[in-house]
């Protein structure tokens, strides 16, 4: 995008048209809570009737979790220049513990606002920020500890259940394998009280800054559905504000539960405002990235005062969680010297360099309680960064990684003392046999605070395919108890991801998260699998496509060899053809048995006898065989 186009963004910005298309045979449904303004969005997939001898068997619609916000609702007009509608202001105002500020508090925010050259690119509909009244704490954890069920908690409970009671009544929960949850306590139904208790205990967080009023609340915790995060952000090498907003809307269409804005290039402040105002999902950032930009990229010049102003700037915009690398301590840095890949975290390397340059302890660590004071005034959640995570499987589970993890556990308890919500970031690159140890160590050190991992990548030999190497580890650690998985795209280690890469990474991680939910035995997790399997056996091709995580790709693959509409009702696919389709043959056997009134058990027994007879003849009809 040219400088002139970027300059006129406030007039020209348009929503990404691909992101606002409703999914095929799907409709947006809203489940109302205890008050009219609690309207929880879900996606309902309609299914075709199964033909029978008696007119047809109705297949109940399948309800699925929906992260796309109003973008896929055809009844909503989207204008990214105005942002999304307000969801939460009434809830926040009703609590009576916040105040509207006359303007921005941060010095940097004020300077950007007064810079006339930025006026055309600036988001035009900025509200005055809100902050806790003096002496008040406005975090969801604070309310939860006081026994208060907030509208956000009720919203989350309804959302996690996905009409579970209706599914149970319809008998859709009868066919699900028992899971193994490794100590997680997943109830048969998620209630608002259960949400409150998990947030109060620190086992779950609801990232929901009071200045992100467009947010549709969600929850991150091991006793809830496994979530995924997608990363976006510009850099000095390119990408525009409009492209980043398009990546946001594209990512949440395919299932990104949260989005991190990792921008490091120009106009970080303006980019973030556009993203938050158009985001129905929580937005996370790494504030040290912007702080570094403010000092010209020289880590040694960072100061606590500058960083504090950056936290306030971002909190007043509405960032829901901050990655803070407060566990990178001076004494841990030498432990990385003999690593194959050293320190690979950007935030970790920045703070390590600062510590060595000044030979002082990490100022994020020494000022941690000061940071807590800011967080609880806006309800920003901690995502305690793993600045010493392994960047290769050779470095996995070493002294530096686990030393930092122990420190993150100490910091978690300090955050909880201030009633600040907190999750813990994890690796990284870990071979499969060491993944369980990571999860167990985190649960032990951090007292079950939610774990949030990047993968982990299980091997280092597949550049271009690291969405797969990491998807393997993500599924495993999600099963073991990890609450949120940060996606990896095919471009990992190679370049900045484009829209296609974002989609590939998200779909890969939706598979991993869902596989983990199945393995944990999350109630209702298997409903969609069962519906798709039934559609596959009955050759309901459109239902197969629409029930999948990516209907577009499934339909395109089918149409590569069978493009005609008539193929959408064919009782075979292009892999086996009409004569060798196992499911078609099975249906014919069933039909034959029905016509001949042969019991299925008898038919199976007869087929087994015939198979054994053929095996006996093939071995030479000898009564005894040599061994």
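Placement of Cβ uses the backbone N, Cα and C atoms for every residue, glycine included.
Matching 218, 260, 476 to the substrate binding residues that Swiss-Prot gives (231, 289, 325, 345, 346, 347, 386, 387, 388, 389, 425, 452) identifies 260.
Swiss-Prot tags one of the stretches 1-32, 33-64 as region 'Disordered', and that stretch is 1-32. Summarising the substrate site geometry, the residues cited as binding it (231, 260, 289, 325, 345, 346, 347, 386, 387, 388, 389, 425, 452) extend over a maximum Cα to Cα distance of 20 Å.
A simple way to gauge crowding: the CB of residue 231 (substrate binding site) has 21 other CB atoms within 10 angstroms, across all the protein chains here.
Counting in whole angstrom, residue 493 (Zn(2+) binding site) lies 12 from residue 345 (substrate binding site) by their C-alpha atoms. Burial estimate for the binding-site residues (347, 387): highest at 387, by number of other CB atoms within 10 Å. When the CA atoms are compared, the binding-site residues lying within 10 A of residue 429 (Zn(2+) binding site) are 389, out of the candidates 231, 289, 345, 387, 389, 452. Within 10 Å of the C-beta of residue 289 (substrate binding site) there are 19 other C-beta atoms, taking all protein chains into account. Note on the binding-site residues 389, 429, 493: the fewest other CB atoms within 10 A surround the CB of 493. Secondary structure at residue 429 (Zn(2+) binding site), taken from DSSP and collapsed to helix, strand or coil, is strand. If you take the C-beta of residue 345 (substrate binding site) and look for same-chain residues 6 or more apart in sequence within under 8 angstroms, you find 325, 385, 386, 387, 388, 389.
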